[in-house]
Structures are given as C-alpha cells and as structure tokens.
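A short worksheet on the structure shown next.
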Amino acid sequence: MKVGIIGAMEEEVNLLRNELTERVDTEIANYHFYEGYLGNMQVVILKSGIGKVNAAIGTTLLIDKFKPDVVINTGSAGGFKKGMKVGDVVVSTEVRHHDVDVTAFGYEYGQVPGMPPAYEADAKLVSVCKDVIENLPDVNVHQGLIVTGDSFINDSKRVADILGHFDGVAAVEMEAAPIAQTCYQFGVPFVVTRSISDSADEEANLSFDEFLETASINSAKMVMAVTKRLEQA
C-alpha cells in the first residue's frame, strides 16, 4: 500500500517530512512532493499550498503521478462544535463546499453541478483514524462534517451563515472539499483529519498564529499512528 498525505502549509508537513526514510524530493509545477517511508509504510507527502485551486491541482498531480492507494488530508481547521478545544482532532465523515451556490438550478447548497452534494470519507479509514486518535495521549477526537471555502473564517456572522446551510458542522478550512472531490473523481479512498487551531471567531487569526504549531504536532502524531496501523492491517 502507498499512502498519499496532503498538507497545505510548511508547518503542516515538515514534521512528517523529517520522519521519512529513503526520502526523494520532486517538484512539479511548483508543487513539492516528498516520497519515502514512515516506518515500513510507503508514503508520498504533498505540500499543496493554501486554497481550493491549489489543493485540487496538487491532488490531481499526486494521484496521477504517484498512484497512492489512499489519501489522507491533514492540517489545521477552525472548530465549530461546542466543547471543542484547540488541539482536538476532527475526523471527517463527509466533506462539503460551503461557498458554492447553484441552488437556482435545483442543486443543494454547496453542491458542484455534476458532483454529489457531499463527499463521504472511506469508512475503514475513518474507523482507523478514530481508533488511533482515541489511544493518543492528551488528544480528543471528534467526527463530523468538514466544510471548505476560499476564506479564512474569523467572523461570527459568517459562522452563523455556514451553520444556517449545514447541519452538524464540526470544522471549517480551505482545502478538504477539492481534495475529496478529486479523490472521488479518481476513485481513490480518502479521509480528512484536522487538528483545531482556532474557533473561527473574531479572535481566530490570533489563535491560529499562536496554536498552529500545536495543531500541526497533533496532526503529525495522528498521521504517523494511522500509517503504522494501516501497515499492520
């Protein structure tokens, strides 16, 4: 098995990249790929850059050029669920766009024409992630809907707008839906796991800057534990 791992930012991939053995670096169209092994698991890590277009292009290159069997999207997110704390980890049950509106033509809010309203994460990967995280010390795990848009959400009015369109939102971020959509189109199983860096409120930018490192460390721990579990499966 080969696992594709996607993080948007340097902080979200550097810990994993530094753990690779037999590492090979490749650059394609300004996207950076890092092949190697985490333990005995063959992986390829993509630093995609921030935002939906970057994520979609990078994921397409990852799948087309490196042929991963599964894809894990990791990194940070803004938390929506009550009781969620910075450093907690969210595992996606499904992923949707929160900034797509073609409802005038009969589509659901968030649905891209010709695509499903939601992209369901692979049930086996969700189960593995949940089980692994529950056994990590000092990390709380949540499951739920992750929504994606090309904006950093730090406004309670925008939070209310998102919650008005979707039930059960666990977290918001900027890359998961196009990654999920690309995996759907290529038929590659995926899961999104995000560590909470902020609460998507008016203090979100300050919280994000302060807690990105914590969120990134927790995400890296989780991904390494998941690849180890998949290696044993």
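Easy rule for this one: first residue shown is 1, then count along the chain.
The backbone N, Cα and C atoms fix where each Cβ goes, and this holds for glycine too.
Among G58, G78, G79, only G78 appears in Swiss-Prot as part of the substrate site alongside I153, M174, E175. For E12 (active site, proton acceptor) paired with E175 (substrate binding site), the C-alpha to C-alpha distance reads 13 Å. Same-chain residues with CB within 8 A of the center of the G78, I153, M174, E175 CB atoms, the substrate site residues themselves not counted, are A77, T148, G149, S151, F152, V172, E173.
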